[in-house]
Structures are given as structure tokens and as C-alpha cells.
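Visitor: Okay, these came from TrEMBL:
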type     : residues : note
COMPBIAS : 248-262  : compositional bias 'Polar residues'
DOMAIN   : 37-141   : domain 'SbsA Ig-like'
DOMAIN   : 146-258  : domain 'SbsA Ig-like'
REGION   : 243-262  : region 'Disordered'
SIGNAL   : 1-28     : signal peptide
Amino acid sequence: MKKWMGIRWLHFLSVMGLLLLLTQSAWAKVESDWGVRITPTSKADQIDPEAVITLSFSQQIKLANNKDITEKALATAIQLTDAKKKKVAFTAKWNKTNRSVTIDPVGNLEAGQSYKVTLLEKKLKDAKGQLNPEVSSTFSTKKQVDQIPPKAVILPGDGAKQVKLQEKITLQFAEDVFLKDGTILSSKTAVGLVQVKDAKGSVIPHTVTWNKSKRTITVKPKGGSWLPHTSYQISLSGGQLKDAEGNLNPSQTSRFSTGATK
């Protein structure tokens with residue numbers, strides 16, 4: 001029995017010793033911790049390019065030389081850099097009541113880019129007289145949303161005159177386009193997108209080809225040439241094509257007239 005009690009007592013002392021050690025370690029960590037929180041937090045993404053950056057402190061702070069915080073001093077204590085480590089200009093505003101610094105990048109941040117804000121070490125001192133360690137946060141801004149519909153450049157241009165009888169019509173896009181259901185555009189499916197009429201509204205037979213690498217629809221009259229001294233209208237149906245962001249194309253119309261010769 002005494003042996004059993006002795007073992008239990010030793011076990012109790014071991015547990016208590018471990019708890020005491022953990023408690024002391026925790027207190028040591030608290031005592032040496034320099035409380036600063038940066039927003040946006042590290043690895044945050046989809047941050048608004050117009051957002052401001054804040055550094056919040058858990059206690060009152062001063063400059064390392066024991067002088068009061070000034071916004072001029074903060075400009076040298078804090079650094080904002082882009083992914084290429086190039087410094088980004090900013091203004092710093094100190095709020096003593098809230099113990100926070102607001103960093104406002106000059107001209108806003110760029111969309112879809114990575115940035116790092118750093119509180120350089122030994123620039124500030126807390127209420128316990130401890131100098132700050134280096135603290136940083138790396139975040140990325142959200143990409144700019146493309147809301148521009150895909151629009152074709154039509155040649156000959158609207159109102160063109162004396163167009164050659166064998167001139168081809170081209171509709172070129174500045175970005176990749178797909179059918180509205182997401183399928184790949186082809187010469188076969190492009191036929192229904194374009195319509196050619198003369199001044200009387202009669203449909204003119206024509207061929208349509210799609211060049212994916214050039215993002216171009218080419219239209220030629222069947223028979224090889226347009227009629228001389230004739231006005232034509234080419235129309236591109238709207239809402240039938242979309243870009244990678246899902247923006248649908250607008251309806252487009254272009255008119256031209258031919259000359260007398262080839």
C-alpha cells in the first residue's frame with residue numbers, strides 16, 4: 001500500500017511540475033510578446049485595391065528614442081513593397097486613442113498584384129520598454145473584373161465608299177470569343193452570326209470563315225465579287241458570342257458602297 005501511495009505521489013508531483021513549467025512558459029511568452037496586428041492579414045487575397053492597411057497595437061507605444069509617435073516617423077518605420085520589392089508610396093495616419101496606424105497607398109494599389117507591408121524592427125517601443133521585432137503581412141489584391149463586351153472591328157469601316165468589288169469583309173475581335181453556350185466557334189457555326197443585305201433589304205449570298213488564331217470572321221460574296229455602285233449592309237447578331245469573362249457581344253452594323261472597278 002505504501003509503495004502504491006508513493007507511486008501515486010510521484011505521479012502527482014510529475015504532473016504538477018509539468019503544469020508549472022507550461023504555465024511559466026506561457027507567461028514568458030506573454031511577457032515577451034510584442035502585440036501588433038496587421039490588416040489585411042498575411043496570405044489574405046481578393047483585397048480591394050482601394051482598401052487601406054492598418055496596424056493595430058495592443059498597448060501604447062512610442063518611438064524607439066522614447067519620443068511620441070509622429071506620422072513622419074511612421075513613414076520610415078513602415079515599408080510597403082510590391083512583388084518586385086519595389087517600394088510603394090503611402091501616407092500614414094496615427095490614431096493615439098485607438099493605438100492604430102492607417103496606411104493609405106498613394107493612387108491605390110494595382111489589381112491582381114501581391115504586396116507586403118512591414119513594420120521594421122527596433123523602430124518602436126512598447127509600455128514595457130521592449131523594442132519591436134520585424135512584423136510583416138503579405139497579401140494580394142483582387143483581379144480587375146472585365147465587364148467590357150467583345151466588340152468586333154469591322155472592315156471596310158462604316159460609311160466606306162469606293163470599296164473594291166473583290167474586297168473581303170473582316171470582323172476582328174481583340175480577345176478570344178466563344179459561342180454563348182461556351183462551345184468553340186468554327187466557320188460552320190459562324191455562318192449564322194453574320195448577315196449581308198443590299199440597299200433594298202435583299203439577303204446577299206456569302207461565305208463565312210473563322211480564323212481562330214487571328215480571332216477574325218471573314219465574309220466574301222458568293223461568286224467572288226460585289227456588284228459595282230451598290231450599297232451593302234453587314235450585320236453581326238448580338239448576344240451570340242461571349243468572352244472568357246462571360247460578357248456577351250453587342251449587335252453591330254456596318255454599311256459600305258462599292259466603286260465601279262475591281
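Each residue, glycine too, has its Cβ placed from N, Cα and C.
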Visitor: For the region 'Disordered' (243-262), how many residues does DSSP put in helix, in strand and in coil?
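Guide: The region 'Disordered' (243-262) comes out at 0 helix, 8 strand, 12 coil.
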Visitor: For the domain 'SbsA Ig-like' (37-141), how many residues does DSSP put in helix, in strand and in coil?
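Guide: Output for the domain 'SbsA Ig-like' (37-141) reads 7 helix, 47 strand, 51 coil.
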